[in-house]
Amino acid sequence: MMEVMDILRKYSEMADERIRESISDITPETLLRASEHLITAGGKKIRPSLALLSSEAVGGDPGDAAGVAAAIELIHTFSLIHDDIMDDDEIRRGEPAVHVLWGEPMAILAGDVLFSKAFEAVIRNGDSEMVKEALAVVVDSCVKICEGQALDMGFEERLDVTEEEYMEMIYKKTAALIAAATKAGAIMGGGSPQEIAALEDYGRCIGLAFQIHDDYLDVVSDEESLGKPVGSDIAEGKMTLMVVKALERASEKDRERLISILGSGDEKLVAEAIEIFERYGATEYAHAVALDHVRMAKERLEVLEESDAREALAMIADFVLEREH
């Protein structure tokens, strides 16, 4: 059996061809360059690979899901471009963000054109019921991404966010698109209703684990692995599961201290916040929740027939928690 990175490389190369084909006719040249900047900058392309693997795991040809795989990656890229503008982030995938190189107006257009091209990539597969069903899944994921971003922005003004609210936010902002990749891929592969539902659940679970692990790495990893200062989420005041849990469990004194550190921008105080997380088991709790979602994801794969594709999906689920950045 291949290693996870080899699997992702193989399937991402299959998706890349359709992605390039989908955006090749964008004009003028400036818009094309801005649109393809993050696509050519790298990234593991886990989402399109999951779409292709899901099609194969239900007995289909992964090529039948190539349009869906391309659409998912184009939507993901559009969301990154717009997120970087909203968050005023200047670096993405080790490269200057699109809005840094081409300005905000062109970056907005680049995101918009990728969003539009995503739907074109799906409907190029024809107008069969499978295509219509897959298209509906992709459309729904776009709505959820916007809702998730709005929830996340709203959390910046609140300190009473519950775990349930946080999980809803990361489901919509992150996991919904991953679930759409696996569900739409299974649809295009001709999966049964049970197989399609199982793969949607698998995608949702690894999507939630992915985001929680991201938050976890921010406080337990190192600057070299992260490519950014440890605890930068704390310095920026981002709401994470660890923040939610620490605020819920902490003494009044520690709660007030944590609140004063969150969003202060003072990296010197980050270590103190991490100590508060540790004191109340918030870091350990987040890791346990991520582990539980990976376990649930792998359990849902048992609905499928044994195959190399199913094994690859299980390996990717484990990989979500093995990565260091």
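Cβ coordinates come from backbone N, Cα and C, glycine included.
Taken from Swiss-Prot as is:
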- LYS44, ARG47, HIS76, ARG93: isopentenyl diphosphate binding site (BINDING)
- ASP83, ASP87: Mg(2+) 2 binding site (BINDING)
- ASP83, ASP87: Mg(2+) 1 binding site (BINDING)
- ARG92, LYS173, THR174, GLN211, LYS228, LYS238: all-trans-polyprenyl diphosphate binding site (BINDING)
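In the three-state DSSP classification, LYS238 (all-trans-polyprenyl diphosphate binding site) falls within coil. Look at the binding-site residues ARG47, ARG92, ARG93, LYS238 and count other Cβ atoms within 10 Å of each Cβ; ARG93 has the fewest.
Neighbours of HIS76 (isopentenyl diphosphate binding site), defined as other CB atoms within 10 A of its CB across all chains, total 24. Most Cβ neighbours within 10 Å, among the binding-site residues ASP83, ASP87: ASP83 holds that distinction in the structure as shown. In this record, isopentenyl diphosphate is bound by LYS44, ARG47, HIS76, ARG93; the longest C-alpha to C-alpha distance in that set is 16 Å. Cβ-based neighbour count (10 Å, all protein chains) for LYS173 (all-trans-polyprenyl diphosphate binding site) stands at 22. Remark: THR174 (all-trans-polyprenyl diphosphate binding site) has GLY148, GLY207, LEU208, PHE210, GLN211 as non-local neighbours, by Cβ distance under 8 Å and separation of at least 6 in sequence. Rounded to a whole value, the Cα-Cα separation of LYS173 (all-trans-polyprenyl diphosphate binding site) and HIS76 (isopentenyl diphosphate binding site) is 10 Å. Local packing around the binding-site residues LYS44, GLN211 was summarised as the count of other Cβ atoms within 10 Å of each Cβ; on this measure the leading residue is GLN211. ARG93 (isopentenyl diphosphate binding site) falls within neither a helix nor a strand when secondary structure is assigned with DSSP, and so counts as coil. Residue pair HIS76 (isopentenyl diphosphate binding site) / ARG92 (all-trans-polyprenyl diphosphate binding site) shows a Cα separation of 13 Å. For the pair ARG92 (all-trans-polyprenyl diphosphate binding site) and ASP83 (Mg(2+) 2 binding site), the Cα-Cα distance reads 10 Å. Following the DSSP three-state reduction, the secondary structure of LYS173 (all-trans-polyprenyl diphosphate binding site) is helix. Among the binding-site residues listed here, namely LYS44, ARG47, ARG93, LYS238, LYS238 has its C-alpha nearest to that of ASP87 (Mg(2+) 2 binding site). Under the three-state DSSP scheme, LYS44 (isopentenyl diphosphate binding site) falls in the coil class.
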